[in-house]
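Just below is one structure, and these are the notes that go with it.
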Amino acid sequence: MEMIKKIFNKSSLLVPLVSILLGLLVGALAMLAGGYDPLLAYGSLFKRVFGSSYHMGETIRAITPLIFTGLAVAFAFRTGLFNIGVEGQFIMGMTGATLIGVLLDLPWYLHGPLAILTGALFGGLWAGLVGYLKAKRGVNEVISSIMLNWTALYLANYIVTKFLLEPGQQKSRNVHESALMSIDWLVQLMDKARMHWGTFVALACVLVFYILLWRTKQGYELRAVGHNPDAALYAGMNVNRTIVKSMFISGVFAGLGGVFEILGVFGNQTVLAASVGYGFDGIAVALLGGNTPIGVLLGAVLFGGLSYGSNGMSFGAGVPSEIVRIVIGSVIFFVAAHGIVKFILKPLKLKRSDKSKEAA
Amino acid sequence: MNQNETVVQLKGITKRFPGLVANDSIDFELKKGQIHALLGENGAGKSTLMNILFGLYQPDEGEIWINGKQTVISGASKAIELGIGMVHQHFKLVQPFTVAENIVLGEEPQKGLTIDYKLANRKVKEISEQYGLKVDPQVRIQDITVGMQQRVEILKTLYRGADIVIFDEPTAVLTVQEIEELLEIIRGLAAEGKSIIIITHKLKEVMALADAVTVIRRGKVVATVDDMADATEEKLAGLMVGRDVSFKVEKQQSNPGDVVLDVRDLTMNGDQGKKVLNGMTFQIRAGEILGIAGVDGNGQSELIYGITGMRKTHGGTVTLNGNDITHLTPREISKSGVGHIPEDRHKHGLVLDFSLSENMILGTYFDERYGRHGFLDFKMMDKTAQELVTEFDVRSSGISTHARALSGGNQQKAIIARELHKNPDLLIAVQPTRGLDIGAIEFVHKRLVEARNQGKAILLISFELDELYALSDRIAVMFEGRLTGEVDAHERDDAKLGLLMTGSGKREG
Ligand SMILES: Nc1ncnc2c1ncn2[C@@H]1O[C@H](COP(=O)(O)OP(=O)(O)OP(=O)(O)O)[C@@H](O)[C@H]1O
Ligand SMILES: [Mg+2]
């Protein structure tokens, strides 16, 4: 646990940048070993991402949920909690939104907001449960949240099949038009890419994350508990309640991610054979971003961009898209093992300071 | 000790941190078999210098010569290789492991693929006996006293073959008895040819132990004393602080007012069902300092946790200014007028990763003063912090520095400043001057007496008899969770106190 904490807290700009380069390099080596042309592959990856307005829009769509889940992981981490249950909270968010979106029929100015709130609440409560178990019963949050991930998956499938199923299909009925969150003019503008309000909410959440943690007294408490629960107790804070709060807020971020996948992208909820994976990717994104809000945003852009572009890679250069997983994996590895990067940077730095000495 | 071989020579060591020079062209020389004391005010740069010698920091300028060879000490492992060991103020032991396991950690003797614990136990025992450390290799760290844990740290350095041993404020955490024993151990090490560097703020220890003294002030060496015949406590104090220091606390007869704190029959159950507080009863009046003497571990910490609401009590009452505060939350208790200088500054007193100005509002952040509508008012925070830092001479590179980057003594000063600033009716001070330099101790003592003169009630817990007698108006003795008696605070009688502290004195008065 200590290890993980140390890895998570390192943040500076140089290290991630060099890590990205090194990651791309490792990917290139892997491609060479497999007999592929890395330049062509990376070329087609970038072409895919930036090549057309449709693909650019879709890249943004792929990035959006990662911002939410990255923020969720990072937020909990700032309070000293390892929320590995973002996955489950994301699914609960989806389910909450689908329930309201399918079952109710309301005017748009009520329906959308209600669906969003319900999903966010579902995510928040699902995570809050983990916080409660930890605060009141001392259950390690990692264990309980892994269990709740599975529970969420089956619960969501049960709800969809039992109450919302589109006859003859493995998915729910469509969400009513009034609850949908896509931005029609932008969809048109971006050549039918699925653009939705979730992206803007995600950006707002980046801001909320920052303000909440660093500008408010609530955030002061959350951070104090994260750094030193004993001192927090001494300072008259309610440590247990703060843990529950932190998990709840983290879960709200995760839940919102799920909400907009339903209301903004798909319009219905499929019966999931396996977890959606956004939650786990969120851990990677938070790691990449050093648990800072801006870092998470950039990490999500990188992660989402690479993943989306990887399809182009297999298309343009015949490289299996799994190679991109190697790239992402090694970028994370280098960020985490920042010692290695610093080691590589060291001779460069020394040379530079020698030069400045000579100049002086 | 008349070998003249130089084992460590530091030449012109300079270390800069953002905004300050912690070590400014320091020269230092340690001879074989010597006990060399490093003296200096809080934040003078002593720990920094030793961390450089132990490879934890790299100097910006200067040379390090070990045994006549110039070296770069790139890390702790390099330092160990060179025969340098360090006993840190905060121990780095694995609690559930045994003594022997801790000592061999990382350098376990192998038997095939497994660790040879028999051999480990035997080796640890051997070294322990050789230096008179009397440590049982097979007990677990969590079951032994702080003093014993420190010996384990010493053993660890010896096991790794250290010939040069650095002690950073080793006596700050020890009881009187343990200190005596430690000094004996250190003498023994030197007699065996080990060379010792010791950082301490206690001049008595320096006079009793050291063969040479180097005094650092604001990062610079201001004096090196090679002949201890020349040295006196007053002289050393003057060199450290740069002015005369008075060792005596000026204090008039107390003039007690109304009862502020009234503790009756307070009990608390420990983890093993044993009572850690067993019917504590006492009162403190306004304008009075009650000192509590006792051997560490007799319920002092629990008493404080109980009064401040940090731990649940199981019987009895605590009344503050006539109001029952027994079952209130820590915040409610603090708000009703209790300030608390905690025993462990790293555990309770500070959030080390918070800035100094964030730390200065630790117990008062919820106050309207520091922001309305749930937001923090950074201007106000910074203003308060700046005032306190100036008033209490907390030295750092600024109020936005993390508390972690402050020297130990300056961390303590910051806490004291914060708690006095709350202007509480009852001030609880546990070991308030632990780790402070003599100048700072003088200052803190003055402030405590001042607070008492202004009509505050002060509960002082200290393991230093000098401090207890210097400050207290009354001294009560605590043993096994209860008070066993009171002694006259004006006529010092260590023998009687000693008896009460070990529970053999009869209850009186
Ligand atoms: N990592 C760091 N970053 C920034 N400043 C630091 C760091 N470590 C120490 N300092 C500063 O360097 C100065 C010297 O600190 P040092 O810990 O060496 O003092 P010290 O002599 O050991 O004091 P004390 O007796 O209080 O322990 C202090 O002002 C401290 O704030
Ligand atoms: Mg120090």
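In case you wondered, yes, glycine gets a Cβ from its N, Cα and C as well.
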Study note, to complete from the structure: TrEMBL feature transmembrane segment, matched against A:32-53, A:296-317, maps to A:296-317
**Study point:** Selected stretch (most C-beta pairs under 8 A with the transmembrane segment (A:272-289)) from A:59-78, A:90-110, A:116-135, A:195-213, A:247-266
**Key:** A:59-78
Check your understanding: Which stretch, A:59-78, A:116-135, A:147-165, A:247-266, A:296-317, tops the Cβ pairs under 8 Å count with the transmembrane segment (A:195-213)?
Key -> A:59-78
Point to revise | Considering the transmembrane segment (A:59-78), which listed stretch of A:90-110, A:116-135, A:147-165, A:296-317 counts the most C-beta pairs under 8 Å | key: A:296-317
